[in-house]
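Trainee: Annotations per TrEMBL:
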- 445-455: compositional bias 'Acidic residues' (COMPBIAS)
- 18-427: domain 'Major facilitator superfamily (MFS) profile' (DOMAIN)
- 430-496: region 'Disordered' (REGION)
- 21-46: transmembrane segment (TRANSMEM)
- 58-80: transmembrane segment (TRANSMEM)
- 87-105: transmembrane segment (TRANSMEM)
- 111-137: transmembrane segment (TRANSMEM)
- 144-163: transmembrane segment (TRANSMEM)
- 175-194: transmembrane segment (TRANSMEM)
- 253-270: transmembrane segment (TRANSMEM)
- 282-304: transmembrane segment (TRANSMEM)
- 311-329: transmembrane segment (TRANSMEM)
- 335-357: transmembrane segment (TRANSMEM)
- 369-391: transmembrane segment (TRANSMEM)
- 403-422: transmembrane segment (TRANSMEM)
Amino acid sequence: MGTRSPRRGPGPPDGGWGWAVLGACFVVTGFAYGFPKAVSVFFRALMRDFGAGYSDTAWVSSIMLAMLYGTGPVSSILVTRFGCRPVMLVGGLLASAGMVLASFATRLLELYLTAGVLTGLGLALNFQPSLIMLGLYFERRRPLANGLAAAGSPVFLSALSPLGQQLLEHFGWRGGFLLLGGLLLHCCACGAVMRPPPRPRRNSAVDAPGEAEADSAGLRLREAPSGGRTRRRLLDVTVCTDRAFAVYAVTKFLMALGLFVPAILLVNYAKDAGVPDSEAAFLLSIVGFVDIVARPACGALAGLARLRPHVAYLFSLALMANGLTDLSSARARTYGALVAFCVAFGLSYGMVGALQFEVLMAAVGALRFPSALGLVLLLEAVAVLIGPPSAGRLVDALKNYEIIFYLAGSEVALAGVFMAVATKCCLRRSQDATPSPGAKGGASDTEDAEAEVDSEPPPTSAEEPGGLEALEVPSPGTGPSEPEMEAEPGLHSESV
């Protein structure tokens, strides 16, 4: 499918089977972000059956989200060891099994372990590998692909919430959980289409089970110690020393402290302002509809030739716009003002969602993206567990939403300012001092790739142009390149 279309060298195909991968990533992203929020429609029934309060019941969604973010490094290690497809297939089974087992729960603790831990882990094992595989299939159209995949979140949230309500009314919460467990088996189908992109022939050692797919996806880092044997680096923590990654990680932490707070408190804020319940609930739908349009549109905009080299500044602009929207709407009390806030918030929120992973891919490249994504998600999990719960406690203590909007807006706007200033002052300055080809750091991804093509055989991993800072290019003996493979004893020619 699309194998006869012209391609620019050994890079990602930017189409063909990649469109099927994009469709699967759309579905997985929708489940990962939409499912924990959609489960909240069952909370009232759970509170009645288990005699629990809202805060105790809401821990089901909180644990699910914590597993989605906090197990990032675990997912990175599994993907590096076994490849994307096997990890996603197992993740789909775990997510489904968690909801099926939750339908037989007799205590809240059992719901925490099944719907919370098991389903959350399954969603995490689907979400991260799908993003990794998307980056391997798209390069020139990657911003658009990321935007389209990110649109799965608002689409599925808009669909899963009313579906859950219908299941609750017709089958009760137990029947609803059972059917939702069956629905999550679609994650297995999404994992099945994650076929690694084609790669040039090379000499390789006999791989252990699962390593061939990880190698074919270009996900395994290798080092050659003095003894000559290679060892796998399952989680590349050295990415933390990359300035571009450090800037991105700090930005994401500040962003996660306040980004989700307004959406969580919006309905109650509107009700407190005297807006009728039905109209208050519709405000979230407005955010969702605008978000659906904003994500693919922003992805297409970021893919333009003039804007793509400056995608970090576009991301910082989206963050500042979101923060300023919160700050300017802190005193909105009329329904018209709240609708205007929802439109502006949905637009800026969609831009952030479309660009966040594109910026990380550009910063660290495809080779180190699995490890970088896992570490960033772990850091984001800490921020998510700090930000929204703290905002809820402040609302309970102060009975005032205005201060919460000011705090959340300040945190997100600060993240945008930090991203822009750090990119301008730290990263761009380091790129100006470009070392000779083959040296670590300083050169752009494109320059490094061109230098490597001139000096040695084609690399086995997809290089990504337009990074924020230098991407380390494996030199012979330190990466999965052909010279290193030929130096290993007992190798034979094999087509991957």
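From the backbone N, Cα and C atoms, a Cβ is placed for every residue, glycine too.
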Trainee: Among 21-46, 144-163, 311-329, 369-391, point out the range having the most Cβ pairs under 8 angstroms from the transmembrane segment (58-80).
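Mentor: Ranking 21-46, 144-163, 311-329, 369-391 by Cβ pairs under 8 Å to the transmembrane segment (58-80) puts 369-391 first.
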Trainee: Between the transmembrane segment (253-270) and the transmembrane segment (403-422), are there three or more CB pairs that fall under 8 A, provided the residues in each pair are separated by 6 or more in sequence?
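Mentor: Answer yes: the transmembrane segment (403-422) meets the transmembrane segment (253-270) with 3 or more Cβ pairs below 8 Å.
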Trainee: What average pLDDT does the predicted model assign to the domain 'Major facilitator superfamily (MFS) profile' (18-427)?
Mentor: 85
Trainee: For the transmembrane segment (87-105), what are the same-chain contacts with Cβ under 8 Å, counting residues 6+ beyond its ends?
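Mentor: Answer is 28, 31, 75, 78-79, 111, 114-126, 129-130, 173-175, 177-178, 180-182, 184-192, 194.
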Trainee: Considering only the recorded stretches 21-46, 111-137, 175-194, 311-329, state which has the highest number of Cβ pairs under 8 Å to the transmembrane segment (253-270).
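Mentor: Between the candidates 21-46, 111-137, 175-194, 311-329, the best contact partner of the transmembrane segment (253-270) is 311-329.
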